[in-house]
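> Sharing a structure with you now.
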């Protein structure tokens, strides 16, 4: 599905950059410039550590030490699973040009084990190759092994199939059934990490235990168990660390000093960092508390319906300087955000009624933008600060990658979604007395169709579903009607505004078929509501009586790291394509019923294959695929994201195929546009609730 990018190679630039990188890697780094000198008591210790010749990373005298030399972590989060592998090196070189010496990344369990026992470590999930590339380019790595990561990632990185286990698991606790699965996962993951530990010649200097447990967790036995488990795989020399919000309460709940685990902190960028670092000392052993902001926020996340999150570049840089000027360390969250491709975006829930799904873009207002651009105020401001505290010259700043708008793409409606499901194998259909969750029927992402029947009433019927996660489109049909039983859209039930729903009066000599197409918009990734099953999670009431006898029909769609074995839905998109003019028949194809639309555009061999963006202005909401790759969700009616990013490795010379599953309101002319820029100006109904100066980020 993803092909190598055919572009001109900037040989001279990358050779020069690589040479500088290798030089920097083998040069002791203590990037303080004209910053205040080390405390006087450390002079003897400096002499002692200079005698160390073995490859070693350690903590002593409230400092980090790398091969016997003081080391200041100037790092950034960059997640391999949010960037196509063909672009890993490009983004890492840009981080190097910013002045970073450390990369921090999560490990999402659900990406690597999408089904029980089905392990994936190839393609975008090839973590070993990513870590080796970091090493090649001269970075050290802080590895966030989980098993819970948050990260604005579906279910905080936990596999969705954990939610199908009965009795229900108690996630993030010392529940023996849950711990058994964590142990099994780490028995797979951590041995892959061992050869890449710093003391073994690799880049990994620290491994994180869990993530921000102090924000919501209350089971210290669970943390102790994880530390013991990690030590058993990684040995006693590797530094284990925790990250918690910089308050006494969160640090008290989330640190495990008894296991010699280093406690780092995060806090709002608007806060004065040094009182937080003084508090951090109380939760580390004497001499074992180098000041580290392990998530220094360069921006913020954005939910559908909010304005795109933005933070001031100069202010962000000034706070970073307060840390670096006094020999503190910081990890930029994010240095490069990337994209929530496929169905892996997360969501947040503040209380019982508020559910907020994350947009597809994870740009995060980071200094390296979603498409890799670095010609922006934030990159320049942060680089200016980092350069002042770096002991080595920084590499030259690369140019932005070229982006191309390939023009207008005319689409043709191929087939209604509800017609295609008739061709799904009966062996995949689940029948039960009451509705079952998505996880229980093995449909972890995307959509599940619930089908039942009811007898019509003269004055219509009242439908009520107490728990729908997250959005259900309602259709009814009568096989005795003249239209052959074509399903009629009657409305949408949403998790965040669930009320009784009136079904229209329908004269039908047989039972009326009821279709509920339920969309999983992303599982909650943080907080007390993380156990977030999807689908219909309650009885369905029709006129206050329970409606029984249900069929659950899975909708197989490509996800980020997996393609369904049989997929009649996507296959229909690649069937014979009839050329239509830009206007002929387009408006007759417009319907409120979910349908697949297909378009093609060509890239001539004389032109470069470059990044592009697909604009969905004028469309409703849905999912888009380019050459079989799921580029994510669009929802311009809600905003703020109008355009979806399409990396060049997804494209190819010659014909490119775009498949769109539009759920509710296609563009009247059935056109989309390939453009050369992002756009976050679509309709938004409220401001971003999560301002940096108001709340501590919970990654």
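Each residue, glycine too, has its Cβ placed from N, Cα and C.
Model, not experiment: these values are computed from the prediction.
These came from TrEMBL, pasted as-is:
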TRANSMEM  12-33  transmembrane segment
DOMAIN    64-388  domain 'Glycoside hydrolase 35 catalytic'
ACT_SITE  212  active site, proton donor
ACT_SITE  295  active site, nucleophile
DOMAIN    594-656  domain 'Beta-galactosidase galactose-binding'
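Provide an account of the burial state, proximal residues and distances for the features listed.
Looking only at the domain 'Beta-galactosidase galactose-binding' (594-656), the predicted model's pLDDT averages out at 96.
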> Go ahead and report the DSSP secondary structure tallies for the domain 'Beta-galactosidase galactose-binding' (594-656): helix first, then strand, then coil.
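Per DSSP, the residues of the domain 'Beta-galactosidase galactose-binding' (594-656) fall into 3 helix, 32 strand, 28 coil.
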> Enter the number of other CB atoms within 10 angstroms of the CB of residue 212 (active site, proton donor).
26
> About how far apart, in whole Å, are the alpha carbons (Cα) of residue 212 (active site, proton donor) and residue 295 (active site, nucleophile)?
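With the alpha carbons as reference points, the distance is 11 Å.
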> Provide the number of Cβ atoms within 10 Å of the Cβ of residue 295 (active site, nucleophile), excluding the reference atom itself.
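Neighbour count, Cβ to Cβ under the 10 Å cut-off: 26.
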